[in-house]
Amino acid sequence: MHFNFITLARRGAMLACAAGVGVWGALLLAPKPQALPPGLTAPPPARSDIAPLAQWFGASASSAIKVVIVGLISAGERGTAVLRVDGQAPQAYRVGQPLAQGVTLAGVEADAVVLSADGATQRVQAPAAPALSSPGFVPVPR
């Protein structure tokens, strides 16, 4: 039996081409996979108000309210602050006046207010005033 190298190489190349056509034909003509069923999703748990529980463990009542300083009149014991408490409309408060249950205005400083809750004090800083563009008179919008 005599093998010709050229014939053997030609038959090997034809066999490799046939195998390639078969593999690619199987890949391209295969049925598309089915879409996966939708996953089960649960709604996120509802947020709970833990402020009463936090107060049991020593959190002050002043940390439970949100205070935004709108305006300040620092006059020692007669100081007044215009505050927005828990997103409500701004209201003027005098030193010693309650803001919420257990929270009172303990003092008014030039740039902050001091809140008192259950014997603990908390200082709330006023927002920084915007810088003036030029010194002197500032026109007021009408």
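Using the three backbone atoms N, Cα and C, a Cβ is placed for every residue, glycine included.
Quick look at what TrEMBL lists:
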- 12-30: transmembrane segment (TRANSMEM)
- 50-74: transmembrane segment (TRANSMEM)
- 64-123: domain 'Type II secretion system protein GspC N-terminal' (DOMAIN)
Averaged pLDDT, computed only over the residues in the domain 'Type II secretion system protein GspC N-terminal' (64-123): 87
DSSP-derived helix, strand and coil totals, residue by residue, for the domain 'Type II secretion system protein GspC N-terminal' (64-123): 4 helix, 36 strand, 20 coil
